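> Supplied in structure tokens, the structure appears directly below.
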Amino acid sequence: MAPGGMCPLGWLGVASLCLGTLWAVPAKERRKGDKPKAELNLYENLDLDNYDLTLDNYGEILDLSNYEELYDYGDLVPKIEVGTLAPRPKDPKTFPEPGETTAGTPKPPSGAGPGPPAPIPGQGLPSCQLCLCLGTSVYCDDAGLERIPALPPDTAYLYARFNRIGAVRAADFTGLEKLKRIDLSSNSISWADADAFRRLPSLQELLLPENLLTALPELPRSLVRLDARLNRIASAGLRPEAFRDLKQLQFLHLSDNQLDFIPVPLPESLRSLHLQNNRIQTMHEDTFCDSHEQGQIRRALEDIRLDGNPINLSLFPNAFFCLPRLPTGRFS
């Protein structure tokens, strides 16, 4: 055994380990020394003394005309997909079965009788089951009615336009003493009982345009406005002196009918008379003014329409002296 208790092979291993340690230390220190030198070389390329940004040289650094090309914003904007609402759940337990309430009330027994029949327009049912009742107004527009329904006794305004009503009976308005306005525009009314409206003491407006009437029934004395345009009313369908006793009548519109003459006498209260597009060919000199009372002035009657008739108004020069304005029509 070698002196010191260690063999030559052991001395060789220790020597190799010491040599490796000596070589590693200079390499590590050499790497540390190279780093500052590399960083110094990078900054040497920058002219820090002339690196101030000004408005004059700003454009040389950034090309603002192509600024949109520098950044692609398409990837930054979130993509939102617009769709419909999520469908309702199809779990049968979520909804009650037909005939069952949300509280779990069981369905009626199979032996129970049928429910009430569906309302039939004009079969005596209250109008508020067929139409819309708001206060004293009843709205039955475009409700498919063929007859006027039973109205509440306090009805003041009835709107039953755009239906299929074919006739008006006196019984339709029995007991409706508060009724002020009836609007039956755009129906198919071809017949009205003679006393269908006469017993309505509060009626002020009766609107019957765009129907199939060939005659007018008796009218209440309280009437202020009558509109029966676009019907088939002939002069034979007007009672003699039909408007004489209507002392409150202000608007009488009978245009687009089949009248052969101007209905006289006209009440002094009249303000507007529309008779255009009829068959009127002639008139009396006393139709509007009293030829025996030269000082007469009818200031209220300012709107007279006779255009669309074959009458030549210039043939009656003395018929308009009491009027504030000449009628609209043909003067030649």
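Using N, Cα and C of the backbone, Cβ positions are placed for all residues, glycine too.
These came from TrEMBL, pasted as-is:
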type     : residues : note
SIGNAL   : 1-24     : signal peptide
REGION   : 84-120   : region 'Disordered'
COMPBIAS : 106-120  : compositional bias 'Pro residues'
DOMAIN   : 127-157  : domain 'LRRNT'
> Please indicate, using numbers and ranges, the residues of the same chain that are 6 or more beyond the domain 'LRRNT' (127-157) and have a C-beta under 8 Å from a C-beta there.
119, 121, 163-169, 172-173, 175-176, 178-181, 202
> Using DSSP, what is the helix/strand/coil residue split across the domain 'LRRNT' (127-157)?
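Its residues fall into 3 helix, 8 strand, 20 coil.
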